[in-house]
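Going by TrEMBL, these are the annotated features:
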- Cys274: active site (ACT_SITE)
- Arg82, Tyr221, Gly222, Gly223, Ser272, Asn387, Ser388, Arg389: substrate binding site (BINDING)
- Lys230, His250, Asp297: Mn(2+) binding site (BINDING)
- Ala273, Cys274, Gly275, Lys276, Thr277, Asn278, Arg389, Arg420, Phe519, Gly520, Glu521, Asn522: GTP binding site (BINDING)
- 22-242: domain 'Phosphoenolpyruvate carboxykinase GTP-utilising N-terminal' (DOMAIN)
- 246-608: domain 'Phosphoenolpyruvate carboxykinase C-terminal P-loop' (DOMAIN)
Amino acid sequence: MSAPATVPGLDRAPTSHPRLLRWVHEVAELTTPDRVVWCDGSDAEWQRLTDELVEAGTLVRLNDEKKPNSFWARTDPSDVARVEERTFICSVDEADAGPTNNWMAPAEMKRLMTELYRGSMRGRTMYVIPFCMGPLNAANPMFGVEITDSAYVVASMRIMTRMGTKVLEAMGDDAEFVPALHSIGAPLEPGQQDVAWPCSETKYISHFPETREIWSYGSGYGGNSLLGKKCYSLRIASVMARDEGWLAEHMLILKLTSPEQKVYYVAAAFPSACGKTNLAMLEPTIPGWKVETLGDDIAWMRFGDDGRLYAVNPEYGLFGVAPGTDWKTNPNAMRTLDQGNSVFTNVALTDDGDIWWEGMGEPPAHLTDWKGRDWTPDSGELSSHPNSRFCTPITQCPILADEYEDPKGVPISAILFGGRRKTTIPLVSEARDWTHGVYLGATLSSETTAAAVGQVGVVRRDPMAMLPFIGYHGADYFAHWIEMGKGKDGAGDPSLLPKIFYVNWFRRGDDGRFLWPGFGENSRVLKWVVERLEGRAEAVETPIGYVPTPDAIDTDGLDLSAADLAEVLRVDPEEWKPEIPQVTEWFAKFGDKLPGVLWAELDALKARLGVE
Ligand code: GDP
Ligand code: PGA
Ligand code: MN
Ligand code: MN
């Protein structure tokens, strides 16, 4: 089928940006949609799109009294998570993608995907979404434009990004932007009945770091389709950050106020589904401490004129793991969701039009599960997919910090790395210095979760929680982190840098239960971190870093046995010794490019552990 000469709506472009117009025309010609819609981000547009999605069966409107202006979505059972096997960094030179990424030559990937995109929007609407990651009034606003044939993506992008007319206006005629092309890869033939969640078995999530382009095909799941998030703000932005001397990281940002009214900003990198959203919205259990939220997934960190590292959250919404979210664990998320204006994907639906998931108290007698089937507590299956998600405006978060819209960001005092480990890794330790902290990040390990397709519960190295998101060679990424340790312009004052810590909320006892209660009680760990920054908390020097003495953790009012506290803080050299060959093998993957200082850190650790 040849492309129609003009596609309705194509000429109704509310912009005269030449490069944008050229690209939109090219894509329309290639993908041959029935019509083109330029998204304005208005309430009326949201109304129209959600009505259409309800009509199509993709969304179910929730009970307005429970969750106003909110919707329930179920994906195809095969389209539930990020697809790391199908994610590619298409640098010109294969060596630039490094050993941790899938690679294909850009010309080859473009040839292959061009054939997939040819006619792929047939029978559908092509939406053009101008968006901005981070505040629009930034010195250099970070623009993108996503083209998609999914109205679910448009609705979700409206929650997750600043988008629409105001962005197009700010772009003018010559702003740089990241073109991000998305198609679900499910063309509709005339008369063909659509399905509720169209997608393709063939999936590609491709990134072209040199030309700063994103091409995604075949999946509607958020992490694969909301291209401002992982694809732009982490994979492409990490390349920009390397080139320009900043950091694009998989980190939450929180504001912590001590009882003495001292303010600290903390960033924390944990792999997907390992506690970022919960920590970002934490309700402290210790008196006098206050947490406010700045971001729950991504931090862009640049040096300020004062030589400190300032973090901005580029996102506008929360795309959080639903199961486990409850009034007890994360009341601020519940308060955010109760205001509505949200999309819930792959959770369960209650008979009175609300949502439910595992961890939300006693299960109701009857639900409709994430596969659309009747569910009762005896069903013997989960009602919600383990990677089911809520998508909700961050501005609804009752503890959003005032600094959220400040394009300058907030100066970070501490960086926490962490993962999900049943054994070995203590509740918290402090790095000896920046380089040791980079070593801790570079060797971060965690059990895999349902956030990505594949086996769950397998320990893997996930450097800085960025394994699926580093847009270039991992060794160059480590070198960039080491370089950042020299401060602003490589000649700053390293004492102004954040101190680095490593946490593990997930250590278990011999009987399999979590040793540490987690959630709001993690405020006790934040308190120790602050007291370390202030030089007044006790720690013991262990082979792996500084670990709190049992007395140094405030356990006032906490129901935790002395034995469990000792166990959760324990550093056992015998448990650590098997990590050494694993780290050696991990580092060897990077060949000669691995910064020598990281080998030196490993050698020093071996010496401290008494390993040959
Ligand atoms: P994110 O994907 O990194 O943002 O992780 P989330 O904050 O969404 O948490 C992922 C899962 O881990 C959810 O099921 C949470 O309930 C659970 N979780 C988060 N924090 C803790 C904690 O401190 N302890 C325990 N045991 N589970 C936690
Ligand atoms: P998460 O975000 O880190 O909150 O799980 C989504 C993801 O990383 O896939
Ligand atoms: Mn994430
Ligand atoms: Mn999260």
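Keep in mind that glycine also has a Cβ here, set from the backbone N, Cα and C atoms.
Positions of the features from TrEMBL, shown on the structure.
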residue	record	contacts (Cβ under 8 Å, 6+ apart)
Tyr221	substrate binding site	Thr75, Asp79, Val80, Ala81, Arg82
Gly222	substrate binding site	Ser156, Lys229, Phe319, Thr345, Arg389, Cys391
Gly223	substrate binding site	Ala81, Arg82, Lys229, Lys230, Phe319, Ala451
Ser272	substrate binding site	Arg82, His250, Thr449, Ala451, Ala452, Ala465, Pro468
Cys274	active site	Gly418, Gly419, Arg420, Ser446, Thr449, Ala465, Phe506
Asn387	substrate binding site	Val80, Ala81, Ala273, Val321, Asn346, Thr449, Ala450, Ala451
Ser388	substrate binding site	Val321, Ala322, Pro323, Phe344, Thr345, Asn346, Val347, Trp357, Trp370
Glu521	GTP binding site	Thr285, Leu558
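The Cβ of Arg82 (substrate binding site) has 22 other Cβ atoms within 10 Å, all protein chains considered. Proximity of the recorded positions Ser272, Cys274, Gly275, Thr277, Phe519, Glu521 to ligand 1, judged by a Cβ distance under 6 angstroms to any of its atoms, singles out Ser272, Cys274, Gly275, Thr277, Phe519 in sequence order. Thr277, Asp297 are the binding-site residues among Tyr221, Lys230, Thr277, Asp297, Ser388, Arg389 whose C-beta comes within less than 6 Å of an atom of ligand 4, given in sequence order. Counting only the Cα atoms, the space from Thr277 (GTP binding site) to Asp297 (Mn(2+) binding site) is about 7 angstrom. Contact annotation for recorded positions (Tyr221, Gly222, Cys274, Arg389, Phe519) versus ligand 2: none, no CB falling under 6 Å from a ligand atom. In the three-state DSSP scheme, Gly222 (substrate binding site) is classed as helix. Close to Asp297 (Mn(2+) binding site) in the fold, though at least 6 residues off in sequence, lie Lys229, His250, Met251, Leu252, Lys276, Thr277, Glu315, Leu318, Phe319, each with a CB less than 8 Å from its CB. Look at Arg389 (substrate binding site): DSSP puts it in a strand. Per-residue pLDDT, averaged across the domain 'Phosphoenolpyruvate carboxykinase GTP-utilising N-terminal' (22-242), gives 98. The full span of the recorded substrate binding residues, Arg82, Tyr221, Gly222, Gly223, Ser272, Asn387, Ser388, Arg389, taken as their largest Cα to Cα distance, is 15 Å. Taking a C-beta cut-off of under 8 angstroms and a sequence separation of 6 or more, Phe519 (GTP binding site) has the following same-chain neighbours: Asn278, Leu282, Lys328, Thr329, Asn330.
Under DSSP, Phe519 (GTP binding site) is assigned to a helix (H, G or I) in the three-state scheme.
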